Amino acid sequence: MAERAASAPGALLCALVWAAAAAAGGGPEASPAPGAFGHVYRGAVNISAERVYAFAYRSEPGQVDAVRVYVNSSSENLRYPVLFVVRQQKGVLSWQVPLIFRGLYQRTYNYQEVSRTLCPSEPTPETRPSDQIIFVDVASMAPFNIAYELVVTRLENFQLETNKAFNFTASPSQPQYFLYKFPQDVDSVIINVVSDAAYPCSVVSVQDIVCPVYDLDHNVEFDGVYQSMTKQAAITVQRKDFPGEQFFIVFVIKPEDYACGGSVPSSIHGNVNRTWNLQRTKNLQVTIVPSIKKSVYVQAMFFSFLSFLSFYLGSVVVAFVHYIRVQRKASAGRLSPEHGSGMMTSSHPISASTPEGTSYGAIDESSSSGVHQLSSPEHRPPGASDTDSSVEEESDFDTMPEIESDKNIIRTKVFLYLSDLSRKDRRIVSKKYKIYFWNIITIAVFYALPVIQLVITYQTVVNVTGNQDICYYNFLCAHPLGVLSAFNNILSNVGHMMLGFLFLLIVLRRDILHRRAMEMKDIYTLDYGIPKHFGLFYAMGIALMMEGVLSACYHVCPNYSNFQFDTSFMYMIAGLCMLKLYQTRHPDINASAYSAYASFAVVISLAVLGVVFGKNDMWFWVIFSMIHVLASLALSTQIYYMGRFKIDGPDSDVGIFRRAVMVLYTDCIQQCSRPMYMDRMVLLIVGNLVNWSFAIFGLLYRPRDFASYILGIFICNLLLYLAFYIIMKLRSSEKLLPIPMFCIVATAVVWAAALYFFFQTLSSWEETPPESREKNRPCILLGFFDDHDVWHFLSAAALFFSFLVLLTLDDDLDTVRRDKIPVF
C-alpha cells in the first residue's frame, strides 16, 4: 500500500507516523499509508478491514493551500455504504458513498462519485515553510468487500483574482468553492456568476473563512449569504462584513430544479423513487469586479436632490416673472394694485364684458341666469365670512324637495353652463373637497406606519439569514448602504416626495391669493372663471409624496407579499386626477370623499385578489370582467345624466322596471337618431369601448401582472378623459395659455421617456428568484442608478407636470362669466 510521497519531508513524516502506529500493535490494514497527490488508489474494505492514507505537503508562508478529494465506489448497496473520513489539523470532514440527496415527495438521488474540497489551513505568520498532513480513512460495515477509488489532488487555481473570469464545472455530488481576498484599495466587490444553461438549478453562497465549509445541498444555507441561480447571479460583498478581508465563494448544484422554476417531479405512491448518478453537471463562470466607491454615493445623492431642487428654482422664477408682469399691468392702469397682489394667475376684467366666441350652443340662458341670481348663495351679505363655522351642512340643501326638483330641471337641460352646476354655497363645497385632503392624510398615516415596520422586518430577515431569494432586486445594480441592500432604488424615489411637496406649496400659494381676493369681496372672483376649490389638489400633492414614501418602502425588499405598497397610491393618484378633471366643470355633483376612497379600497382589494387568483383561475377573470363592464355602464349612466338618474318609484319593485322602461323608450327609441347629450355620448361610447376591450383582453390572455393591468385601465381612462376635455375646450373657442401648453408638452415628452424605462423589466416577483435574476442589468446612470431608478425620476417629473396641467388648464377662463362657460 505504501506509495511515494509528494516531497521528501512529507514522506519522512508519513513513514514515522506509519512506524509509530505499527509499533503500537496496529496491523498493516489500519496503519496510514503515505499517499501521493494525483495518484489513483484502488482497494476494498469490509467490516474487518479499513484503509488509512496519509498525505503530507509543505505550505509556504502566507499561502493558502487547498486539497480536493475524489472518491468512487461501484457498490449500489445503500445498507452498507463506504465511509470516508478526512482528518485535518483543525477539523474533520466525512461523507458516504453512495451519497444520497433528498428531494420533493421523498425522492432520493444517489451518486457513486463524490468530490469534495477540504477546508484549507489558514496561513501561518511564520517566515519559514510549514509541514501539513492529512489522513483519509476508508471503512465500511459490510460483511463483504466493497471496492473503491481514491484520488487526492492539490488545487492550483483556488484563489480567484479581481477582474479575471474563471471557468469550472460542478455537480450535486461534486460542489466547488474558491477563496477571494480583498485588494488593498477595494472596499466592495460584485461577484458575477453566469452560465449558458438555465438548468440544473444551482446555489451561490458567500461564507466566511471558517471550517467546516457548507457545500452540500442540505447545508449550504446554514451560513453566509446565498442566492439560487439559473443563468445569472450577482452578490455584492463589502470588506467590512469580513474581518479577515477574505471569504469563500461556494457553488452547489441542487438535485432538483423546482426551486428555480423547473419541472417538479410527480409523486409515485407506494414506491420510494430512487435515481442513480443523474447527470447534472453545470458549467459556470465567475468574475469578481470592484463595486463603486463612496464618492459615487455622494455624487448620486447630490444629483438626486439638485435635479429636483431645480424644479423649485424654476417655480420661483416663474412666480417672480408673473409678479413683475402683474405689477407692470397695475402701474399701466390695467389692473388695480389690489388685484395684482391678490391673484396669482388671474387677470380679472374691469368690466363685465365677455370675450366674443365664448358661448357654447344656441340656447337662451336668461332663465338660467335668473335662477342663478336668485338662488346662488354666493351673493351673500358682506358680513358673511368664508370661514364661518356656523355654515349649513350640504344635506340641508340636498334633502329639500324644492332643491331636488330644481336640480332635475337645471341638470337635464340640453346645454349646460358652469353657472348651472356651481349653485351651491362655495363655503360648503370647499369644505366638502377639503375632506379629500384630511382623509388622505389619515389614510397615509395608518397605511405607512405598518408598511415601514414590515419592510424593516423584511430587511432584517434578509440580513440575518443571508437569504437573498427573499427580495427581488436588480442585483447587478444594487448598492448597499448601512442595513439597506439596494439604497439606489430607495434614493431614486426622492423625486416624488420633493415634487409632491413643491406642488403643495404651489397650491397653497394659489389658495392664499384666492382667499385674499375673496376677503376683498371681489365680484369677479365670485362670478368669473372656474370655481376655486383646492381640496383635491392638496390631496393629489399628498398622494404624490406618499407614492414616493411607499415606493421606497416597497424597494427596501420588493417581493410578492408587499407589491401593493408600490401600487396603492398610484391607483389613488389616477382616480383623484379624474375626479379633479370632472370637478372642474361639475363642482356641485362630484363624488364625496368617503365614496371615492371606498371605491379606491375596492380597487386595491381587487388588485390583491387578482395577483393571488388571477394567474390560473378562469372564474376570477369572468367575475372581474363582469364587475368591470357593469361598473363602466353604471358610471357612464351617472355621468350622462349628471347624477340625476334614479331607479325608484312609488310602487317599489314595479317602479324600478317602469323607470328603466321609460328611460330606454325615451333615449333609445324616441331619440335614437340623435342622443340628447351628444358630446357626453361620444365620450362615454369611446370610454366603454376602451374598458370593454380591457375586459375582453384580460379574459382572453389573463396577464400575469394584474397590478399593472389595473393601473393601465386607470391611466387609459384618465388620458381618454383628459384628451376629450382638451378637445372640447378648444372646440368651445377657449384658449390654452403658455404655461399649461408648456406643461402639456412636457407631460407628453416626459411620460413617453418614463414609460420606455418602465418597460425595461429588470426583475419580476411573478417568477422564481433565479428566473427574475436573468432579467438583471448593470447600472446606466452615474454607475449607480438602473433603468427602474430612471423610471422613478422621470415618472415623478411626469406626474408633477400632469398635476400642473390640471391646475393651470383653465386659467384662460378667469375673465369669462360662468354663465358663458360650457360644461362637458
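Note that Cβ sites are derived from N, Cα and C of the backbone, with glycine treated the same way.
The following features are taken from TrEMBL:
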type	residues	note
COMPBIAS	343-357	compositional bias 'Polar residues'
COMPBIAS	365-376	compositional bias 'Polar residues'
COMPBIAS	389-398	compositional bias 'Acidic residues'
REGION	334-398	region 'Disordered'
SIGNAL	1-24	signal peptide
TRANSMEM	300-324	transmembrane segment
TRANSMEM	436-456	transmembrane segment
TRANSMEM	490-508	transmembrane segment
TRANSMEM	536-557	transmembrane segment
TRANSMEM	563-582	transmembrane segment
TRANSMEM	594-613	transmembrane segment
TRANSMEM	619-641	transmembrane segment
TRANSMEM	681-700	transmembrane segment
TRANSMEM	706-727	transmembrane segment
TRANSMEM	739-759	transmembrane segment
TRANSMEM	790-809	transmembrane segment
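Tertiary neighbourhood of the transmembrane segment (536-557): same-chain residues 433-434, 436-437, 439-441, 444, 447-448, 451-452, 455-456, 458-459, 462, 470-471, 484-486, 489-490, 493-497, 499-501, 503-504, 507, 563, 565-566, 568-570, 572-573, 576-577, 579-580, 583, 792, 796, 799-800, 803, 806-807, selected by CB-CB distance under 8 Å and a gap of 6+ residues from either end. Using a Cβ-Cβ cut-off under 8 Å and counting only residues 6 or more beyond its ends in the same chain, the transmembrane segment (619-641) has close neighbours at 411-412, 582, 606, 609-610, 613, 677, 680-681, 684, 687-688, 691-692, 694-696, 698-699, 702, 713.
Counting only same-chain residues 6+ beyond the ends of the transmembrane segment (563-582), those with a CB under 8 A from a CB of the stretch are 436, 440, 447, 451, 455, 536-537, 539-540, 543-544, 546-547, 550-551, 553-555, 590-591, 596-597, 599-600, 603-604, 607-608, 611, 639, 707, 710-711, 714-715, 717-718, 721-722, 725, 765, 799, 802-803, 806. Listed stretches 436-456, 706-727, 790-809 were compared with the transmembrane segment (490-508); the greatest number of C-beta pairs under 8 angstroms is found for 790-809. The transmembrane segment (594-613) makes no contact with the transmembrane segment (681-700), as judged by fewer than three Cβ pairs under 8 Å among residues 6 or more apart in sequence. Sequence-remote contacts of a segment are chain residues at least 6 beyond its ends whose Cβ falls under 8 Å from one of its Cβ atoms, and for the transmembrane segment (739-759) they are 318, 345, 726, 787-788, 790-791, 794-795, 797-798, 801-802, 804-805, 808-809, 811. Long-range contacts of the transmembrane segment (681-700) within the same chain, counting only residues at least 6 positions beyond its ends with a Cβ under 8 Å from a Cβ of the stretch, are 621-622, 624-625, 628-629, 632-633, 636, 639-640, 675, 709, 712-713, 716-717, 720-721, 724.
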